[in-house]
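Quick look at what TrEMBL lists:
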- 8-20: compositional bias 'Polar residues' (COMPBIAS)
- 58-72: compositional bias 'Basic and acidic residues' (COMPBIAS)
- 141-150: compositional bias 'Basic and acidic residues' (COMPBIAS)
- 258-282: compositional bias 'Basic and acidic residues' (COMPBIAS)
- 290-300: compositional bias 'Basic and acidic residues' (COMPBIAS)
- 1-20: region 'Disordered' (REGION)
- 34-80: region 'Disordered' (REGION)
- 122-201: region 'Disordered' (REGION)
- 258-303: region 'Disordered' (REGION)
């Protein structure tokens, strides 16, 4: 019967047999289950990307970026490609110099005469077909003798460029605008100046000025110095010309001489009054200190007298008490 009178279930649960081996096996399974990593099911994130165009731009950048296959595959080959580009640019610069271009004054100021060098050593191998065709058009070889007496065979086009260069250099020398590479030739061609003095000599001209026709005497110098002193006005410090913070107690004097003297007199009187008041205050301070010391001494004397009187009374009382028992005997 159950608690409320209902009939109980007829089926009875059969007991589960537990042995030592089964308990050990169950404990082993639990330990293995704890050490086994958990497998979670991955779900796509519901949050949208912060910037939807980032992936597309990154893909375009990767597509437009040159790869190692485009440049040759190895870092050494990439370096070779960059070096080749630099050499091509340098060859173009030399080609412009050879043709007479490259900017104003580049050909005149250059340290290398490419026309003379290439005529003596031969045309370089990096010349393009256009340059060779230009030489072939004006390729008639002529003999030319330079200023140093050297005779050589050059093309008519190179000779024309050389003559134009010399004409420009001559025009620049007339305008006192000599290139640095030809400045020493221009200086060597000028005559030596006549105003330079060589050797020991007396410089009498150093004492002749606009005011004195001869060597000045002491009286003349004194007169000139007095005249200069009278003509020079006094210059004072102007505090308004500087924009800066002035210190404590800064006094700005007037530019007028009369007002300036009056301000100096007022400051002098103020200084004397301050010194007089400081002296009086020092006297009062010394007097107060002396009074304090005198009062301290009086207090000490009174204290010593009071202590001495008390001790004397106690001593006399002890003597009287000591004499009283002897008197009874």
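Just so you know, glycine gets a Cβ as well, placed from its N, Cα and C.
The model shown is predicted, which means the values in this text are computed figures rather than measured ones.
Taking H, G and I as helix, E and B as strand and the rest as coil, DSSP gives the compositional bias 'Basic and acidic residues' (141-150) the counts 0 helix, 5 strand, 5 coil. Residue counts for the region 'Disordered' (258-303) under DSSP, split into helix (H, G, I), strand (E, B) and coil, are 46 helix, 0 strand, 0 coil.
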